[in-house]
Amino acid sequence: MLMLMLVAAVTMWLRPLVTAQPLCRARTVRTGKVFNVIQDVQGDRLYFRSTTTRLIKHPCKKNIALYLGKQVFFTTDNFETSLLPFTIPTSMQVGVPEVTSAHFTGSLLLLVVNHKVYTYDYESNSWNLSLGIKHPVTHVSGDNCCYTGSLFCVDVSNLVFAYFRGDQISQTYIYYSNTGGFSFWKYHYDRQAEIVGSLGGIFHLFSLSQVGMLVVDQGKGMFKYSDHPLNRSLGLSFDYNGTLDIVIAPGQKGILLLWFEKSLLFSRNAGQLVDTVRVKKGEQTLFTSIFEAQITIHNIAVNENELAVITREDNLYYGNLGIVPSSIIKFAHQHIWSEDAALMFRSSGILEILTPVRDTAFAAFDFQKCLLNIQAILMDPDLHVGRCNIEFLKGEFTYRMYTIDMHSQLELTALLIPQPGTSLIPLVMVSNPHSLGFQATFYESGYTSDGNTKYKLDIYLKQQQHWGRTDFNFTSSLKRATMSTLTVDIANKEISCVDIKPLSTLISVGCDLDKKIVIQNTVSACSKGVLDALALQDNYSFIIEKEFYDPGFQGRQSSKDLHVFYSYQQLGCPLLVYYDTPWKPVVELWKKDRFQEVVDAEYVLLEVNGQFSYSYSLTAKSAMCTSQPQNWTTMIKESGGPFFWNRENYVSCHDPNNDAPLRWPDVQYQILGGRTANQIVFSHNNGFYVFYISIVDPYYSYCQLETVFSIYVYGAFPVQLVSAGVVMVLLISSILGSVWLAYMIPRLLRTARGRRMTSFVAQLYGRCKTVCQFRASATARTGSKPMGRHRSS
């Protein structure tokens, strides 16, 4: 009994010690300080005027970050060295060096300083003023795509907005950049002058393929979107108390955090639905909002799946950005806050509290760093956190980017294993259901070595429009390339599953860059012996006569002949085409080095040298056009040059929505392929043609499929100067004349005149024979030796 009482007493004594264990152990980073070396701050010191701090990490380069507070610090090693305050060169003449916003794009840091945008290239340590901004701005916004080797991702990261937060939307100036912030242009939002309210922010919401504008009016906030189908109405309104900062969580999942000192809001679908973040303890909801909990936020940190909040009440809160309504739990109360403290996630489940420390002897600041292991903290039984119910969650598609082109599909697979005695509820989500649809199958796939059940999740994805299950008013435009993020998570996942991250991948519903078109060339001019391949490779050239080409592509004769060099390396041996047979190329679609199909979509041809000695077999009327068709003349005039007729500006004359009247039904129909049997008809000329081909059907592929190829037209003999009828009359006349002479000459010879003529011919023949014999005998006597001396033997 005494022993039991002793154990109980020791337990009660130890319990406060256990709960009093610090959340983290602090260490101070102090480097590069030598007493005989004096460091001086060069330039104008930047500062951030706010009672709260910001710590902005580069989403793709994890060691690069910017700290915004009373002092501004920029690091390339995660603050593992002492740093001088961040400055801007005095030569930039910024005036008041106050920073109001910052954003990373590639190797650039964009800073809004005194209402202007500056770029700092940290790789070359150079500053520049962004071009094109003519009015004051306060904020920049953008996103970063971290999938390497993708041109699409580069484009995403280069798109930036600059704007003045709080301005009336109808009167404000918004700027955009597609160069990563080097240059900006005015952005014209559709019907902007009619929008009532102030500007809370404008963002590229790539998870929805929309531009989203936060409209603030009468204490309410609503997101307005740029494109169909979301542009017909505003998102649901939410309370807008104070000035909210908007944080776009990394990963293009559509997760937004909106916060200021007394409010923390959360959206999973890029602002369409915005809800408060709840405060929970175990499964119990203590408060439905931060405002209700009466806490004051000092700083927040966000990564792809996690959220951390530090408050002025010296508390730390943590939550995951899961599928269920977002919530946070409160960690044990300890002294961790200071007015300069800021949070950042070092990695999944590893949180760091960073505090700059002033050194009285040196200009460089040290950094106090307090590292927290979230998984270890969640083991505290006082938090009432359930045990993780997932043993394994994996998919080969994570950290990869996929492309679904027009009429394509994608199949992905995930493997799930629950903890023994538990069950899982898998959930598959796409961030942009307006363009990407899917079908998922969940089934048992075997057992582990310890008898636990394995499950497999098969996911089939294709364009939402091709599933046939949605209304037109729900889907986005099929012609417009979009993107979406696929996420696989567990609906009943515990917050303790810190190391079990959702499976996520980025899917571009757009151009597959591996696709190309090739012109079938089974019968070439070289294989038939018409041309010599070696000769074509030896600086071969040909002449286009001035009557048959126009450098302006308007079908007018030129003033001089054109000398053209033939590029065998680019064109190879030309396709052989007989002049008198209507023709069109056989277009093949290839993906990398594999043949896919013969293209039956609509396309256009243009001779690159301006030759116009060919026509089309169909007219607008015979092609059954219901509206006036486009042609090269009008397209060149509209675009200002050739080779700009493509899927973006093509309008079919068979489209019922095309209201251009059919005024000239007899004009040539210059589109080949598709529903018509249109072909090229060549004039009576042999020679080379070098064609540019462009697939203009907007529903065949999101790619601009184009190429250049050559043909050689043969078989056109020189044009006869006399008509065939005249030749036939002359031939028949000569035959009849010969027959008549054969009949009449014998009859004439039997007459007296005929006998006299016969005698005359005989005498003439005898005289000629005598003269010839005399000349022959004279030549024989003289010999054959030339004049001069000759040695005899």
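Cβ from N, Cα, C; glycine included.
Because the structure is a prediction, the values reported are computed rather than measured.
Of the listed cysteines Cys388, Cys511, Cys526, Cys573, Swiss-Prot assigns the disulfide bond with Cys497 to Cys388. In terms of local Cβ density within 10 Å, Cys703 ranks first among the disulfide-bonded residues Cys511, Cys703. Only Cys60, from the disulfide-bonded residues Cys60, Cys388, Cys511, Cys526, Cys625, place their Cα within 10 Å of the Cα belonging to Cys145 (disulfide bond). Candidate glycosylation sites: Asn231, Asn473. Fewest other C-beta atoms within 10 angstroms, Asn473. Taken as a whole, the topological domain 'Cytoplasmic' (748-793) shows an average pLDDT of 58 in this prediction. Cys703 (disulfide bond) and Asn128 (N-linked glycosylation site) have their C-alpha atoms 35 Å apart, to the nearest angstrom.
Using a 10 Å radius centred on the Cβ of Cys60 (disulfide bond) and all shown protein chains, the other Cβ atoms total 16. Counting every protein chain shown, 23 other Cβ atoms lie within 10 Å of the Cβ of Cys625 (disulfide bond). Sequence-distant contacts (6 or more apart, same chain, Cβ under 8 Å) of Asn631 (N-linked glycosylation site) comprise Val667, Gln668, Gln670. Cys153 (disulfide bond) sits 13 Å from Cys511 (disulfide bond), taking the CA atoms of both as reference points. You'll find the Cα of Asn241 (N-linked glycosylation site) roughly 32 Å from the Cα of Cys60 (disulfide bond).
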